[in-house]
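**Q** Annotations per Swiss-Prot:
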- 124, 125, 126, 127, 128, 129, 130, 131: ATP binding site (BINDING)
- 65-329: domain 'ABC transporter' (DOMAIN)
- 414-623: domain 'ABC transmembrane type-2' (DOMAIN)
- 432-452: transmembrane segment (TRANSMEM)
- 468-488: transmembrane segment (TRANSMEM)
- 518-538: transmembrane segment (TRANSMEM)
- 542-562: transmembrane segment (TRANSMEM)
- 576-596: transmembrane segment (TRANSMEM)
- 648-668: transmembrane segment (TRANSMEM)
């Protein structure tokens, strides 16, 4: 690496030109940060010294983020005037909003900037607006946002979106996959198709090594009720998941929450390496240790949505010292700043004017916060705005480059092949769960024993066998309905995250999900019917047996589609279960067994019930209208059609029920897809 002075003017401004291995000259400010913006610079690249672990050709496009006067507000929930408790709660929640416009203001004029090689920490007490600002920077909140945000002086756009990585506070990783599988599937879905398989695996290996994930690479990620890797390892896996695609801007929401001090410091060292590779890193942080605090390049302190400090982190204490606001005892700088942001003045010395104001006004917290906001407005904000307007202009080639959308899109079929493998691998433990197998086969054996060698020679025996038919319909309707209704509510957070990152088309996800789940909805009913059919001695006719099995499969698949539709329409585990129970009860009562003669004003319900059509089709497949029974009675033989069990059913035909079930199976899935599309588009993590 060659370093040389460029011009006298540059020398005066402490600017150096750095020549990398690619021979391009780069202007950079001569400061400790790996990347700093230079008002005289027209070309920027990455210093080899800071990317020793990341190949230069894989370095991300530098992004200079500037944000000015950012405001965000949300509409207040209108409590019912009839409910006194809700009205009181609403008033308490919205007391901070003096504007009578029906909105609560979360962010109130945030200004700042950051660039490649820097870690910007957003710090403040809980509820101050840190995460909200982070989501706005990541393009995840767009409604009711005011102010100006630019990326290399270009507003947010879909092309910018592809260059942003977002690590949520809760690690959103599929729990049943191993760390290596998680990264591998992400690589094959997100990396360009121009990269070979060997290159993708090499990149995975490099990231696993750099983030210290070698020991847990073949361990399940875990989460919830699934045992897996530790919290620190899971957080590093989340970061690896994002930097796999070389994001230019990496946003992290509380990455150290839940970690001990050592793990948190180690994680921040990793983020320093990520930043030195040419990325812009922004993280929210609640209360870092003093060691971690000094690892930040820039700091934005937020108090009740207002900025209280913005600048270099190491200069924050000097700034407040200039205001004569000092800790009276040895104190962690982060703890001191958080006390200021919340208005706490214990063990903090204040200037005389503040002490006088405190004496005159009993609310000392408000006095301090108001003072900090005023000083920020007069001392810091004008300088930052002037720098952004005059000197911090992104080079033209970076402005052009960021508007080029990264062509990472695989074909629909390629996405389907990759995602179907991942879906099956994630859910295969549920598909072949021992309890599920015992339940299905155990119930089949019990039913076979209860209806052992059942007959249709008398009305009573026929009624018993028809009851078995209806129970089979109930069993596989409920099993398939409840097996599918929770799929999308459970996977909502994973789907929202991956859709925000544009990993795949929603249609690919839905088709993979429904086809992979169909494995269980086909295998278990098939084995179930093989056991019950021959133990109960149904019609011993091969075509009849095959059509009976196919009918049960059609009922199960239609029930699966209905469950997916109900789950996608609410995306809530609790509400999905309640709605599914109600629908199952209605379909069960109108299925044609308990009530054959439904009142006319209620008959419309049975036409919505796939159990009604499935039960009728099952009877038509199993029995023939001219089949004889009661031959030993005084009146002689009768046809099955004359039985009271079939008063409302014509045992001939069956095509109508078949087509209706097929239409329902397809229609429910179509409705589920569009409901899922609408719901996911408005969901936020």
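One is the number of the first residue shown, and numbering goes on along the chain from there.
Using N, Cα and C of the backbone, Cβ positions are placed for all residues, glycine too.
Burial and contacts for the listed features, if you can.
**A** Counting every protein chain shown, the Cβ of residue 128 (ATP binding site) has 25 other Cβ atoms within 10 Å.
Same-chain neighbours of the transmembrane segment (518-538): 424, 430-431, 436-437, 440-441, 443-445, 447-449, 451-455, 465, 468, 472, 476, 479-480, 483-484, 544-545, 548-549, 552-553, 556-557, 560, 622, counting only residues six or more beyond its ends whose CB sits under 8 Å from a CB of the stretch.
Counting only same-chain residues 6+ beyond the ends of the transmembrane segment (576-596), those with a CB under 8 A from a CB of the stretch are 466-467, 470, 473-474, 477-478, 481-482, 485-486, 489, 562-563, 566-567, 569-570, 602, 605-606, 608-612, 615-616, 647-649.
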**Q** Based on DSSP, name the secondary structure state of residue 131 (ATP binding site): helix, strand or coil.
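**A** Once the DSSP labels are grouped into three classes, residue 131 (ATP binding site) ends up as helix.
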**Q** Highest CB neighbour count within 10 A among the binding-site residues 126, 131?
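**A** Answer returned by the neighbour count: 131.
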**Q** Please determine which of the binding-site residues listed here (124, 125, 127, 129) has the lowest count of neighbouring CB atoms within 10 Å.
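**A** 127, out of the binding-site residues 124, 125, 127, 129, has the fewest neighbouring Cβ atoms within 10 Å.
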**Q** Inside 10 Å of the Cβ of residue 130 (ATP binding site), count up the other Cβ atoms and send me the figure.
**A** 24
**Q** Quickly jot the same-chain residues contacting the transmembrane segment (432-452) by Cβ under 8 Å, restricted to those at least six beyond its ends, or write none.
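**A** Those are 464-465, 468, 471-472, 475, 479, 520, 524-525, 527-529, 531-532, 534-536, in sequence order.
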**Q** Compute the centroid of the Cβ atoms of 124, 125, 126, 127, 128, 129, 130, 131, then list the same-chain residues not in that set whose Cβ lies within 8 Å of it, in sequence order, for the ATP site.
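**A** Sorted by sequence, the hits are 284, 302.
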